[in-house]
Amino acid sequence: MARIAQALLKRLGGMAIVLALVVTVVFIIVRVTPGDPAAVMLGSDATPADIAQLREKMGLDAPLLLQYGQFVLGILQGDLGQSIFLNQPVTTALAARAEPTFFLTLFSILIAVAIALPVGILSAVKRGTIFDQIVVTLTMVAASVPSFWLGLILIQVFAVGQGWFPASGYGGPETPFLERLHHLVLPAVALGVVNSALITRFTRAAMLDVLGDDYVRTARAKGAGEGRVILKHALKNAMIPIITVIGLSIAMLVAGAVVTETVFGLPGVGNLVVSAVLRRDYPVIQGALLVVAAIYVLINFIVDMLYILVDPRVRL
Amino acid sequence: MTTMASVSMPFASGLRRLFGNRAMLFGAIILGIVILAAILAPWIAPYAPNKLSIINKLKPPSMTNFFGTDEFGRDIFSRAIFAGRISLLVSLGVVVISTVLGVILGVAAGFFRRLDAPISRLLDAMMSFPDILLAIALVAALGPSLTTVILALGITYAPRLARIVRGSTLVLRELPYIEAAVAMGLPTWQILARHVLLNLASPILVQATFVFASAMLAEASLSFLGVGVSTDMPTWGTMLASGREYMNNAPWLMVFPGLAIVFSVLSLQLLGDGLRDLVDPRLAKES
Amino acid sequence: MTDTTKKTPVLSVENLTTSFKTPEGWKAVIRNISLHVDAGETVAIVGESGSGKSVTALSTMRLLPAGRSRTEGRILLDGTDLLKASEAEMRKVRGGSIGMIFQEPMTSLNPVFTIGNQIAEALVLHRGLSWSQAEVETVRLMERVRIPAAKARLHEYPHKFSGGMRQRVMIAMALACRPKLLIADEPTTALDVTIQAEILHLLRELQREENMGVLFITHDMGVVAEIADRTVVMFRGDMVETGKTDEIFAAPTATYTKSLLASIPRLGTMGSAVAPKRFPEVDASTGTATDGREMNPVASTVAPILKVDNLAVRFDLPNGRVHAVEDVSFDLRPGETLSLVGESGCGKSTTGRAIIRLLNPSAGSIVIDGQDVTKAGTRELRTMRRTSQMIFQDPFASLNPRITVGSAIAEPILAHGLMGRKDAKARVAELLEQVGLSAAMADRHPHEFSGGQRQRISIARALALNPKFIVADEAVSALDVSVKAQVSNLLLDLQEKRGLAYLFISHDMAVVERMSHRVAVMFLGEIVEIGPRAAIFDNPQHAYTQRLISAVPIPDPSRRGQTPPPLTEEIKSPVRPFDYVAPKRSYREVSPGHFVQDVA
């Protein structure tokens, strides 16, 4: 237990450093805008007075270091700034759109893992067979399909064609929960299937790697049957890299969600970001980037902790 | 005896295995066709990409318009060929930028102990941003144009390459032939160029191929969202975005640009996979 | 060694042929192997790498991948043919009637399960015990293989165990179900020599108690002489000779066996020689050997080329400080070989690397050719690198695979601006010929050469700058027996011709005895004994030196059993708390130049 507590502290320290860097990177990104961000945001027909007013509102007149200080201070107090166009705090805007994005990501990862783990393991065990070759080919193709295109096709076939699922939208808070989820089926499938390709290939590779290890031979020499060799001795070792790739693909899912939400008209964070970009609503872009990156860092932290549970060798 | 040193392989036997690997050959051929079509677009496209012909609008595929026409009567086949130019140009630029940045950062972190921690943390931070989201934010900040999209995606994918390069450099640094080079008193730049970079060439090539594929997908996504390259020339992403409205009645508007993306990306993945098998005999043995 | 009452053998292999699938079709890797093992008997299969000895063992257990290998012949275990057994029946045999241990103790145990779980698994699988019953039995097994504090270590993971202890765990696992036959595939090759002695001793005891047959695979003739009743010699997939071990050693009939026996380095063959002695030249076609010539002694009047004083190398880990090298002092004269010997982790390689300044010393001084280089900067280091060079162990990783060998040898010459390109090319040709290769090979890449040839190329590269001394870090250890002798002889010839000094780092006592003028024995980062070669080998004073020398298996069955029963303890670790200060050691002089560390 002491070992885990100690590791926890050390990882927390590392996480804090990365988070600080994330905040800095986000700050820099918005400041690299060529010219005056306020002018860019307001467009060509803005008066100098409007621009000056916005500059003041955004704190752009202050020296850069002071701006940075205020930015950090704001974050620490849970203040991500004010959206220019929505006329509400960025945190409120994000919170209002968190639900569809959260469930979309969750269902996609569940679909992806549910497909990838069994298929990847089986494919590795049956290496070189027809089944394996089909899996290898299919994952290769699936990894080449843009998830938004798959989404468009799913809409065409299952929403427009069959009418089984709604083609777009999500419904408001008054819509029953299950009906809201019904809206998520197609987008989650589109995202999940594309991402399962990556995890499947990785699972297969990790299993193949492990199946060639000496201790697997030891297990066979002990008289363990194939089922035991694969599910006990090999899988627990293979899980170590697989956990990493699942963690990583959550980040990819969030990226995919940005586009998928647009395709399916889901009022999520991705949709918010895209419209913010089109309207040059910098505080919203900034806030969304920060929140998503922070979540990713947190997931990485959890993955690190899982490592400690699975792999006794992790040096602390 | 299998050792680390067996990473390289002579060129001739590499070529022989290229043709032995049918999937890789298939990838190479498709990619060759896509590249040739893009280069020769003005000569092989039957129509100018932006030539309007309202009377011919939304025509299904036929002998005159192989892939049909869009809502302005423009020839989808010609547009798809010209769109390939932008996609390839953007992806190529992204690969160059991310490779240069990635190799510099990765080698520096892997070879010089003191630089490892700061660079690695920075890479961690950069990798915390989902690729599309980071690219969108950068494009938003820099203003959409061909250059900014290339720059944004280049910066986005540089950490991926840097990670791989750092890992390989860490392994290389401990190999006796690098230590021998140090013991012989070779200048550091020579050790880096002749002993480190030369041996990193294969893993970099493999990873660059995969970045090429990712960049193509990302560029399509950005264009689809309307935050991509804004030029008069069509891209596969913008063709899909504008074709969406008509997809119920004119599915060919989605099918052909989509297939163009799928085949281009697939060809790169096949090529990258095959290259990796050539470079890493251990993996090759197992698949 | 044991009286074998005549009965049916436990294992009888008849005309075993195993083929592997290659792109060119099926290719036989072992052909018509026949052997048998009786109860209580040890049969050794001996051969160099590529002889097919491990394939023979794996074929017997049917552990080769089914689709890519094919085994023909008969493998009779107590009269039942294993090649005809079903997979379910084979599972009962594996770990039940036949136990097996492998070469790599570091990778043969599953890293994510506890030791106890892995041993108990065999009991649960074969003896139908419950996990809690199995745990009780596991503790008993761990005690039987003499793992200290067995009960406490039951729930520990493999990475907490040293190599020797892991091999004990493997033995416990293999013997859990009291097999009739134990197959041991190079079980001690990866271990240090004193640990090897302990493991061999343990195996012998357990075999006697269980009256078990043992099939022992090894490349080491010393180990064969130590343990085997009968021996099978294999060469490139064929059985070239089989018979009683003492008869094979006394009167080998096959040419290959003759040359193998003639070329193995043996302890105690130096006679009255003072200086190093070349290895016997073996005629491969007849297998006859002519003993090597004695080399020149070293003039003790010349000034040392290398002087090391109170060298220390320490580095910090999260949980403590590693005192890798502590208070090491010695000097080396032109034309002299000083060997640093000791077992893994004793600091001998670290010492060599600190002298070449591949890592920075923490304390002490290194003086090369009158120049203090302990804290030399980049510019001074470049000058120093012309004087001192290094040769590494792994011939496969010592050369950059992408650069032709000629270019690799020319590189230091050009980098130091010693010659123009044209002259450098001529020099490369000259160097290649000096190491026994042809000048025409300069345009080839490393992968076109064998291990021995690559090591020659590394030597040529080290000589390119005309150094005065060379650190040879296990330079011949990775080579097969016959090649080892040839490369060692090359090093001796070059020394004589060029007046080179060698710091010869090795764990192989038999090679060290041949190669050295003087020897320094290292243990836990310190030199415990240093002196002229003859004094160290014939009159070792420190307890560790005595243990090290007596643990070396002697390739002579008639001298079997002279090794004293070894101690069972884990090698102490050089990791200490951060505030630890190494005590000052004192040495006494036993005979001229022979110093022994006083017991603290």
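Including glycine, each Cβ sits where the backbone N, Cα and C put it.
Whatever TrEMBL says is automated annotation, not expert-curated.
Residues or ranges marked as transmembrane segment in TrEMBL: A:12-32 (among others).
Annotation source TrEMBL lists domain 'ABC transmembrane type-1' at A:98-307.
If one looks beyond the transmembrane segment (A:102-122) by at least 6 residues along the same chain, the residues whose Cβ comes under 8 Å of a Cβ in the stretch are 131, 135, 181, 184, 187-189, 191-193, 195-196, 199-204, 206-207, 230, 235, 242, 246, 249-250, 253-254, 256-257, 260-261, 266, 268. Annotation source TrEMBL lists transmembrane segment at A:102-122 (among others).
Residues or ranges marked as transmembrane segment by TrEMBL: A:134-161 (among others). Long-range contacts of the transmembrane segment (A:134-161) within the same chain, counting only residues at least 6 positions beyond its ends with a Cβ under 8 Å from a Cβ of the stretch, are 119-120, 122-123, 167-168, 186-187, 189-191, 193-198, 200-201, 204, 256, 259-260, 262-264.
Residues 100, 103-104, 107-113, 115-117, 119-120, 138-140, 142-143, 145-148, 150-151, 154-155, 158-159, 165-166, 168-171, 242, 245-246, 249, 252-253, 256-257, 260-261, 263-264, 266 of the same chain lie 6+ residues outside the transmembrane segment (A:181-199) yet bring a C-beta within less than 8 angstroms of a C-beta in it. Residues or ranges marked as transmembrane segment by TrEMBL: A:181-199 (among others).
The transmembrane segment annotation in TrEMBL covers A:238-264 (among others). Same-chain neighbours of the transmembrane segment (A:238-264): 100-101, 104-105, 108-109, 112-113, 117, 146-148, 151-152, 155, 167-169, 183, 186-187, 190-191, 194-195, 198-199, 202-203, 206-207, 209-210, 270-271, 273-274, 292, 295-296, 299-300, 302-303, 306-307, 310-311, counting only residues six or more beyond its ends whose CB sits under 8 Å from a CB of the stretch.
The annotation transmembrane segment is assigned in TrEMBL to A:284-310 (among others). Among residues of the same chain six or more beyond the transmembrane segment (A:284-310), those with a C-beta under 8 A of the stretch's C-beta atoms are 3-4, 7-8, 11-12, 15, 18-19, 22-23, 26-27, 29-30, 75, 80-81, 83, 86, 90-91, 93-94, 236, 239-240, 243-244, 246-247, 250-251, 254, 269, 272-273, 276-277, 316.
Packing against the transmembrane segment (A:12-32) from elsewhere in the chain are residues 64, 67-68, 71-72, 75, 282, 285-286, 289-290, 293-294, 297-298, 300-301: each is 6 or more residues past its ends and has a CB under 8 Å from a CB in it.
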